[in-house]
Each structure stands twice: as structure tokens, then as C-alpha cells.
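Going by Swiss-Prot, these are the annotated features:
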type     : residues           : note
BINDING  : 45, 66, 258        : substrate binding site
BINDING  : 146, 175, 232, 257 : NAD(+) binding site
ACT_SITE : 208                : active site
ACT_SITE : 237                : active site
ACT_SITE : 254                : active site, proton donor
């Protein structure tokens, strides 16, 4: 079997090599000759998968090592009889920790306590649900908005977006991009929402760029609207708005979900799905793939307060590093994608074991995603 895999999927060449002949390709420019000979295609969100790409090929299976599927025409794949697999939740923890890193940095810079803020979460799926649980574990009040889940009768204290706009200090977006329908998310943050948003609010977008009307946001910021803005995704990509980047507080190159664990989960999930599809018993072990982290263990004494959490969070991942790197190269041809392709081995909080003399603090850290254990003395 001939298997094409995106060159930025970690461990993909070795894993899929167990099942066939592997060729790595650039996701934004898959060579037509390679595609013509492929039996399977493994992609990320940068590849649009539809009839224009695959019609006439012999591809029988597509896997996307991403949680979202708005880059895939699933209806066309089904009609063409092509198998399909996605990696739900693969990078959810990474995005949650990106949001925490950004909020803890803003709290330090602006002199507020995160526990004193109300965070409005728009989209309460794999990412939003995990974010809610971690924020609540840290004592932060959350407001939840997810109309499709509310209509489906899912348990939760669901609120309309207007309530979040009025009451939440932070609005963080974790929805798919949907262009039509009653619950379309395209330009969910538009000129009207920005006008209604009280001064001093924080907006975070780490889902899809077009959920926020970037032109309207730039106009609001240039007009003096006092907002703090964190953008990991842009409209469009990779040719993001340089004037908007200059105005936001944190800007990064669509890397919120780019932990080594998150990317490896995406690869292993689609590998397992394809292996089952072709009738193989081969399965991937995430733990066996991951290398030791740069910092494996740290010992703390005393209470685990917000400052301690900020230091621990930023020891593992400090969002300012990615902000600095994007600003350094923004506007240079190919550099947005180069940052993503050559992204360093960022780890998740679970890679760090915190030893503490505070048993209550150890429990809290475990709820937040760290390894933690008490010590005496």
C-alpha cells in the first residue's frame, strides 16, 4: 500500500511504515503524481480534502490528525466510498493549557487574580469542556454557551451568547467553523458583538480564524476600544493581518494545539483507525513514543496559589515565546508555515511531576493536569 502522510505529523513515517510504503508531503501542496498512486492520505487542517483533490485518484482512506473537520468534505468522501477517520480531542489539552498560559500572563501583567474573573466559554466540546473543568477546579467561575448542545438536551447551565458578552470578563472561543445554519459560527465575533462588549474585556480565539471578523476587530482596536486580545488563528492564514498582529496582546501562528503529546495523539488515533480499516492488528502506544521532557520534576513548599500555578505553567509552556517568534518573522514569505513545521517539542503539564509538602495542593495540581505527589519534611 502507498500511504501519503503530512510531513508535520510526528511519528507518522515510522508508524504507517508498519502498514505500507510511506511518502511524506507538504500539506499545502500535495504533488499530483504522488496522490495519483496513493491508497491512503493522512492530513492536517492545512489540506482541503474534497472532490477537487481526490476525484480520479485511487485513495480509499483519508485520516486527519486533527480534532476539527471543516477542511474535509465528509459528504463527498462518503459518496465516493472513501473511508474517513478524525482524531477527536487529540489536541484539546494543549489548547486548554495555551489558554491558561495566556490568562495567567495577562493576570500578572495587568495585576488581576484569575480567580476573581468570570470566563465565558463559547463551544463546550472536547476543548471547551476540559477548559471548564480545569477553570472550575482552580476556583474560576465559568459561563457556558453552546446552542447545539443545549438544543440536544445535554446537561449544563447553558447561556445565550448575549449573557456572556454582558457578564463574562473573558470570552474564549472553541467552536468549529460553520458557514450556514441557525448556529453558524462564521464571524460570530462581529462588529455588533464588539460594540456591545464592555471595556476591559479579554477575547481569546484558538479555534478557527474566521470565527472572529478580523477586519471588524482591527477597526475596533484602531478606534480605541479597550480590549485585551489573544489570537492563535487568523483570517486568512497564512497571510495574516500585520496591522492586527501589531494591536493584539498575544499573537501566535496557529499552534495552540501543538504539544508533542497532542500531535502524537492525532497521529496515533488515525494510525489505529487505518490499521483497523485494513484489517491489521497493529496499534500505537503513545507512551512508548514520547521522549522524556526537559524538566521532569520540581519540588515546592507551601501553598499552591495563583503565582505558583503561573510559574509551573510557564515552566512547561510560556505563550510569550510563541508570540515573540511570530512577531519576529510575520510578513516574511513562508515563515508562518515554517514556524508550524519546525515547532519545538512543547510538552503538556502532565509531563511535569510536582512534589509538594501540601497534600491539598497536590490534589489541586492533579485536577489541573500535573502529576503531583506529597512529600514529608
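Glycine is treated like the rest: Cβ placed from N, Cα and C.
These figures come from a predicted structure and were not determined experimentally.
What Swiss-Prot annotates, mapped onto the structure for a quick look.
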residue : record                    : DSSP class
45      : substrate binding site    : coil
66      : substrate binding site    : coil
146     : NAD(+) binding site       : coil
175     : NAD(+) binding site       : coil
208     : active site               : coil
232     : NAD(+) binding site       : coil
237     : active site               : coil
254     : active site, proton donor : coil
Test of understanding: give the count of other CB atoms lying within 10 angstroms of the CB of residue 175 (NAD(+) binding site). 24
Residue 232 (NAD(+) binding site) and the residue listed as 'active site, proton donor', distance between Cα atoms, whole Å: 5
Identify, in sequence order, the residues in the chain of residue 208 (active site) that are 6 or more apart from it along the sequence and have a CB within less than 8 Å of its CB; answer 'none' if there are none. 68, 70, 175, 176, 177, 185, 233
Would you please pick out, from the binding-site residues 45, 66, the one with the fewest other Cβ atoms within 10 Å of its Cβ? 45
Using C-alpha atoms only, work out the spacing between residue 237 (active site) and residue 45 (substrate binding site) and round it to an integer in Å. 11
Give the maximum pairwise CA distance in Å, whole number, for the residues 45, 66, 258 listed as binding substrate. 12
Please report the Cα separation of residue 66 (substrate binding site) and residue 257 (NAD(+) binding site) in Å, rounded to an integer. 9
Report the nearest neighbour of residue 45 (substrate binding site) in space among the binding-site residues 146, 232, 257, comparing Cα positions. 257
For residue 257 (NAD(+) binding site), the nonlocal same-chain Cβ neighbours (under 8 Å, six or more residues apart) come out as 67, 90, 91, 92, 94, 95, 98, 206, 263
